[in-house]
Amino acid sequence: MSKLIEVFLGNLWTQRFTFARMGLDLQPDKKGNVLRSPLLYCIMCLTTSFELCTVCAFMVQNRNQIVLCSEALMHGLQMVSSLLKMAIFLAKSHDLVDLIQQIQSPFTEEDLVGTEWRSQNQRGQLMAAIYFMMCAGTSVSFLLMPVALTMLKYHSTGEFAPVSSFRVLLPYDVTQPHVYAMDCCLMVFVLSFFCCSTTGVDTLYGWCALGVSLQYRRLGQQLKRIPSCFNPSRSDFGLSGIFVEHARLLKIVQHFNYSFMEIAFVEVVIICGLYCSVICQYIMPHTNQNFAFLGFFSLVVTTQLCIYLFGAEQVRLEAERFSRLLYEVIPWQNLPPKHRKLFLFPIERAQRETVLGAYFFELGRPLLVWIFRTAGSFTTLMNALYAKYETH
């Protein structure tokens, strides 16, 4: 049993598992092609795109009903998010695979930080598995709750009347049992795509943020050994190794920022609408409301937001901690003034590059406040419109 748990908590196990369910390989061969099964991936994308079109058609038909439109908007935005994130992931797959290798490479040695990396990585995989269970619970409750209610109604009344909380305008009649079964099969692909794409991409971002943070800690461990090897007689004062490692780490941060910038931007923009739609479902309830799905989905959206914002915040804090340690450890009083400026100015300027962004957004705690305020403003507006036009 312990061996099985150790496998599940292995490096990138959750990410590799979820990407494999979509026909992708996160650790490809030398050719670097991550798309292992194009047919499976295309089926998932096509079924999701089809359901997105039916959601848009429903919103157009019911554009005067705020509650129904907000629920359809919630489903539509999540499908748009999944499609965009996976499209960006495929477009930048080579960069992401290279980023994974760069983050892993310093932790191969059997040192203290390598041991900490394995420990933190196992903890991260445990959190990723919990997040996967949240996404799976969202998908399962979304499909099984309406099916169970439909079967219960059929058993009690003998009438086949499908119950659904998915607001779509389908081009076929789901009141026929065989058509309803086919529609459920389509939804299996859609919900699997949502679950795996959300878990895979989001937890991969969290894994990269964890790796970069631990590399800063590793650099800090090297910095603490500086007093013993500081040599004023050398032209580089014995500090060249630290500066080389710091420059390499800054390149990794820049690579990390470049690889995930578009994905993070999609998350920030779409999550405001998602929060607004989710809140509206709680404050403006209606018939056939799937509260099990809403509960799981609320957890997923909140965790999703925390992964991106607090992950970026952790990288920034580790960089600041390294800067403070740099000033504390290096004997600046033994350096000539011109060398102090030569060392300090580039390092101070380089620290600004550790702020992870999403185009014109800077990921961190201030952005979290902005997202909640924006979602709250949209919710207040929709609630006012609902009270004015639909409660009288």
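In case you wondered, yes, glycine gets a Cβ from its N, Cα and C as well.
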> Membrane-wise, does Swiss-Prot list Ser164 and Val355 on the same side?
Replying inline: no
> Which range, 3-23, 360-380, does Swiss-Prot list as transmembrane segment?
Replying inline: 360-380
> So, do the transmembrane segment (257-277) and the transmembrane segment (126-146) meet, by the test of 3 or more Cβ pairs under 8 Å (sequence gap 6 or more)?
Replying inline: no
> Under an 8 Å Cβ to Cβ limit, what residues of the same chain, 6 or more beyond the ends of the topological domain 'Extracellular' (61-75), are close to it?
Replying inline: 55, 165-169, 273-274, 276-278, 280-281, 284, 286, 297, 382, 385-386, 389-390
> Between the transmembrane segment (76-92) and the transmembrane segment (178-198), are there at least three Cβ pairs closer than 8 Å, leaving out pairs fewer than 6 positions apart?
Replying inline: yes
>> Quick test of the contact rule: Cβ under 8 Å, at least six residues beyond the ends. What residues does that give for the transmembrane segment (40-60)?
In response: 22-24, 68-69, 72-73, 75-76, 79-80, 82-83, 86, 167-171, 186-187, 189-190, 192-194
> What average pLDDT does the predicted model assign to the topological domain 'Cytoplasmic' (93-125)?
Replying inline: 78
